[in-house]
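Here's the structure, in structure tokens; my notes come after.
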């Protein structure tokens, strides 16, 4: 688990401008949508924009680390990436609702699928299967990494969420609450960006290493 954090920290440092741009940009989008639309349509638009922005963030971080295969262009693998993100999110959420540990294990075993789609051009099912194979011997360190991430999310976002809920209940929706919501969005999207760095770290540790070993014995 320490290797994931160490390598992820280095990756985040090298891509800090892109990560900051993603967190700030998506926070602005979320704030604008909250003013312009009702809750449900706004959430749908924000999710769509977030999916596209998250893909390009992921692509850029992989490119910065030199992990893209050949000359993979921006946009390559987006549909597979989006489908994998949806599948892993739904399956992981169901697992977390039923029992926390099975959900974390499922997310851990499929954690490399999105990177395989973007960096190697894998389609959905082969990417999920390959991720399952590659993470077989590293499941528990990845689960530990995910557990720490979940705790970080809760520690940062729970107090902000409680404040926002109390303000809304008291009909005290003013500038202070809007600022708190904006800061909450920055924290949420910032943590999401850091998770992407953790995933790229896993990709470098497991996929890149696996390919180098295969090349040696080819």
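Glycine too: its Cβ is placed from the backbone N, Cα and C atoms.
The annotation transmembrane segment is assigned in TrEMBL to 17-36 (among others).
Same-chain neighbours of the transmembrane segment (48-68): 11, 14-15, 18-19, 22, 25-26, 29, 74, 78, 81-82, 85, 114-115, 118-119, 189, 192-193, 196-197, 199-200, 203-204, 208, counting only residues six or more beyond its ends whose CB sits under 8 Å from a CB of the stretch. Taken from TrEMBL, the feature transmembrane segment covers 48-68 (among others).
The annotation transmembrane segment is assigned in TrEMBL to 80-101 (among others).
What TrEMBL records for 140-166 (among others) is transmembrane segment.
Taken from TrEMBL, the feature transmembrane segment covers 186-207 (among others).
Same-chain neighbours of the transmembrane segment (17-36): 42, 45-46, 49-50, 53-54, 57, 60-61, 64, 178, 181-182, 185-186, 189-190, 192-194, 197, counting only residues six or more beyond its ends whose CB sits under 8 Å from a CB of the stretch. Remote same-chain residues near the transmembrane segment (140-166) are listed as 1, 3-5, 101, 104-105, 107-108, 111, 177, 180-181, 183-184, 187-188, 191, 195, 198, 202 (criterion: CB distance under 8 Å, separation of at least six residues from the stretch ends).
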